[in-house]
Structure formats: C-alpha cells, structure tokens
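J.: The structure's right below; bear with me while I get my questions together.
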Amino acid sequence: MAAVGSPGSLESAPRIMRLVAECSRSRARAGELRLPHGTVATPVFMPVGTQATMKGITAEQLDSLGCRICLGNTYHLGLRPGPELIQKAHGLHGFMNWPHNLLTDSGGFQMVSLISLSEVTEEGVRFRSPYDGEETLLSPERSVEIQNALGSDIIMQLDDVVSSTVTGPRVEEAMHRSVRWLDRCIAAHKRQDKQNLFAIIQGGLNADLRTTCLKEMTKRDVPGFAIGGLSGGESKEQFWKMVALSTSMLPKDKPRYLMGVGYATDLVVCVALGCDMFDCVYPTRTARFGSALVPTGNLQLKKQQYAKDFSPINPECPCATCQTHSRAFLHTLLHSDNTAALHHLTVHNIAYQLQLLSAARSSILEQRFPDFVRNFMRTMYGDHSLCPAWAIEALASVGITLT
C-alpha cells in the first residue's frame, strides 16, 4: 500500500520553537520551546522515565538540576497504572507532581524492544502485556487517546518501528505505514490547543526512503519532528549521515528531536548537525553499573583505584553528589548492598548531560560553538588524532575541523 499523499486534518500547528541564535559555521542552533508548562531552552537533553518516575532520582531533584522537560512511556503507562487512573490525578503532571514539561512517546518503540510480544498490522500493534499476558491493540488512535489522557505537553505519533539493522521491503513498508499512521494520529488528536503532536521520520538507513518520508511528513503542519529509527546498532557512519540528511530537509522553524541518543560525543556532533532535542536511558542505566560521566569519559567507581580517592567525581560539577560525596565514599557504597550509590550517580549523570547541552547552547549564543566542540573533543580524547573518524567526518561536513 502506498503512502497517503494528502496531509491530515490538523489545524494550523502552533509555532512552539523560537530560534534565538545559529552557529555561523555549522547547523547548530539555540532556541526556546514555548510549551504549556514553561519555556525549554534548546539544545536540551531529556531524561527518560518509564512508569511516571525516573529510576534513582526524585522529581524534586530533577527540578533542582534545572530539568524542564522529561519523558514518560505511553506503552507502560497505558498498561499500568492505566490512563484512566492518571486522568483522575489531573494528568501525568499531577500524578508525578511534576511542574514542568513532559513528552510521552507513542509506545511504538516496544515494537522493537518487545518484538516477541508484538505483532504489527495496518490496524496497529498487537501486544501481549508483559505484566499479565493479556493481549491489547495499540492503534494510532489508541496511542493518541492515551497520550491525550496523560496530558503531556508533547505527544508522539505511533510509528511503525523496525530495527535500524533491518534491510529490505520491511523498511519501506514501515516508512509508508508511518506516514499513514501520522494522518490517523492527526485525525484522532483531540487536544491540539494543549498538546503538541510530533511526527517521526522513518526510512531506516536508506537515504531514498528517508528522503521520501521527509518529503511526505513535512507536508503535514505538525508542531515538531523527530528523527526515528536510528541508534539501534547501525554503524556510526551510517548514523550521522541519516541524521545529517534529516536535518537538511526538516523545516528550520520547528524543533528537531533525535530519539534515543545519549552518549556525550553523539550529543555534541548531532547538535552540530542541527538537532535540538535528545533523550536516552544511558545516564541512568550506566549509573546502575557504577559508572560516572565526566568530561574525559567514564569513571568506573567500583575499581580499586578509587577506594582511597577523596576527590569528588568532578570538582567542577555543581550537583549535590559532587558537592557532598567523594569517589572513595561512592566506591564503598557500590561494594555494599546499599542502593544509595546508584541514586547519587544518577543525580550526577543527569546533571552532566544537562550541563553539557547547556554549555553547548551558551557557546552557540556567543558564536564560539566550533571552539566548544574542539575543546570538548580535546578533553574527551586527548590528541585530535584519537577522536573517532566518524565524528571528525561528521563535523567536517558542517564546517568544523578539529585542527
């Protein structure tokens, strides 16, 4: 079945993105998202929560770190506790006691992560609940209905998600279906004045398919666009080229959300390529393995070398963990049954991600972004010859050289 050629019935979408500054050399941009629960400065990293909470950090702590937007998962929230209960709590904001913005995903990612539990048809995605085994259909209409009930500030279309390493007819089928499902999501969206529906660009690693998807989806006047179908095992060279292709064709006056990207180098490179929003479980997941994010990479605090190290994780980090605890203390906690270390590391790792993109934003505003990139790479890798070849190539494609 071919992609639907006529845009959906969405009324003129609100312009939620205000561009504040652009890098004179690369595609990097600094902006503001004007959302129902406040303004969000971009570029921005968005921490990920599954069931109305972040693992290892409270909403109050996220607030204190300066986080102004985070994610919730429609698939999990739709199953447990369910949208009806959350609606009674005045939406997800009230349920979480979160005063700032929320973005909910569509539930489509579980088509990849829970593939053994799902079946995809034109109707939607049929899941078997991992909680009770009950079968449920997540259609584009139901995904939007759940997200309308949750009351998030940004909602995502249901897309047909395939792993980035899949090739062949399934990728084309998924791309065309994602366009058709976008129109169904637009038609089902009942709260256009309060919630901003983003389209998700698909097409895998095939430039022609991704170009077709970009041309089709940008005909729809939605408030923003996500770049989907990446960060799933493809090579970094394939990854950056698809990101660059996407940002080259997306409208400049709308936000660009690169899904599932969280490694520091990836964030900096993709800001240079023109992306505004990022999310990933990486900072919280890596904390649970005793790993702390620092400008030079990661500290594996379980290692014996930190047993008598009384310095903070990062002396320049203002987070509560670095202001209060030493590496030696965290090392000791990690070797006990105490879960406090995971909490302290999560606070620090999220702070690191937020600070990194805040620093990138400041450099864009001050027209020194290329220098920011060079300093970041020098600190992370030492000599520029040790930087990943893909990153050097990607940065060069937008006019930033490291020498």
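Cβ atoms here come from the backbone N, Cα and C positions, even for glycine.
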J.: Swiss-Prot has D105, S106, G107, G108, F109, D159, G229 down as binding queuine; which of Q87, Q202, Q238 does it also list for that site?
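T.: Same queuine site in Swiss-Prot: Q202.
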J.: Select from 71-77, 211-217, 260-266, 337-343 the stretch of residues annotated by Swiss-Prot as region 'RNA binding'.
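T.: Feature region 'RNA binding' in Swiss-Prot: residues 260-266.
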J.: Of H189, H348, H384, which does Swiss-Prot put in the Zn(2+) site with C317, C319, C322?
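T.: So the Zn(2+) site in Swiss-Prot includes C317, C319, C322 plus, from the candidates H189, H348, H384, H348.
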J.: Which is it, of 24-28, 219-223, 284-288, 294-298, that Swiss-Prot names as region 'RNA binding'?
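T.: That would be 284-288, per the region 'RNA binding' entry in Swiss-Prot.
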J.: Checking the spread of the queuine site as listed (D105, S106, G107, G108, F109, D159, Q202, G229): what is the longest Cα-Cα distance, in whole Å?
T.: 15
J.: Any idea what the model's mean pLDDT is for the region 'RNA binding' (284-288)?
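T.: Over the region 'RNA binding' (284-288), the predicted model scores a mean pLDDT of 95.
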J.: Using C-alpha positions only, work out which of the recorded positions G107, S139, D159 is nearest to C322 (Zn(2+) binding site).
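T.: The answer is G107.
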J.: Which residue counts does DSSP give the region 'RNA binding' (260-266) for helix, strand and coil?
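T.: Going by DSSP assignments, the region 'RNA binding' (260-266) contains 3 helix, 0 strand, 4 coil.
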J.: Cβ within 8 Å of the Zn(2+) site centroid (C317, C319, C322, H348 excluded): which residues?
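T.: Other same-chain residues near the Zn(2+) site: P312, I313, N314, P318, A320, T321, Q323, V347, A351, Y352.
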J.: Looking at the recorded positions D105, F109, D159, D279, whose Cα is closest in space to that of C319 (Zn(2+) binding site)?
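T.: Sorting the recorded positions by distance from C319 (Zn(2+) binding site), the top entry is D279.
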